[in-house]
Amino acid sequence: MGSSSFLVLMVSLALVTLVAAEGVKGGIEKAGVCPADNIRCFKSDPPQCHTDQDCLGERKCCYLHCGFKCVIPVKKLEEGGNKDEDVSGPCPEPGWEAKSPGSSSTGCPQK
């Protein structure tokens, strides 16, 4: 096999790999916008999802409160949806929005 044939083969394999990887990670994005996340994290939580397709119903995979989670998109909440969030622990003081590992400040009012 000549060097030009080998080069064509390698480029072809690279293109096929890129197209296949894009198809796997792509998928159909669900409607709505992810909520704003103003929390600074000391450590990221393990992801609960990787794409919108990992989430049930209308929920989207969004980075929120230190990790990727399935959440109801902002547009859906404005239309009367339910946050359906578990809130444990007090909300941080205004101006300090850091989340330490193991704590949860979801559902706290935004400024």
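Note that Cβ sites are derived from N, Cα and C of the backbone, with glycine treated the same way.
Look at Swiss-Prot and you will find 101-111 tagged as compositional bias 'Polar residues'.
Counting only residues at least six positions away in the same chain, the Cβ atoms of K60, C62, Y63, L64, V71, P73, V74 sit under 8 Å from the Cβ of C34 (disulfide bond). Look at C34 (disulfide bond): DSSP puts it in coil. Look at Swiss-Prot and you will find C34-C62 (among others) tagged as disulfide bond.
The annotation disulfide bond is assigned in Swiss-Prot to C41-C66 (among others) on the grounds of sequence analysis. Cβ neighbours within 10 Å of C41 (disulfide bond), excluding its own Cβ and spanning all shown chains: 15. In the three-state DSSP scheme, C41 (disulfide bond) is classed as strand.
Positions annotated as disulfide bond by Swiss-Prot, on the basis of sequence analysis: C49-C61 (among others). All protein chains shown were included, and the count of other CB atoms within 10 Å of the CB of C49 (disulfide bond) stands at 18.
Neighbours of C55 (disulfide bond), defined as other CB atoms within 10 A of its CB across all chains, total 20. In this structure, C55 (disulfide bond) belongs to neither helix nor strand by DSSP; it is coil. What Swiss-Prot records for C55-C70 (among others) is disulfide bond, and it gives sequence analysis as the kind of evidence.
Annotation comment: Swiss-Prot describes 27-74 as domain 'WAP', evidence class sequence analysis.
Per Swiss-Prot, region 'Disordered' is recorded for 80-111.
It is 13 Å from the Cα atom of C66 (disulfide bond) to that of C49 (disulfide bond).
In this structure, the CA atom of C70 (disulfide bond) is 7 Å away from the CA atom of C49 (disulfide bond).
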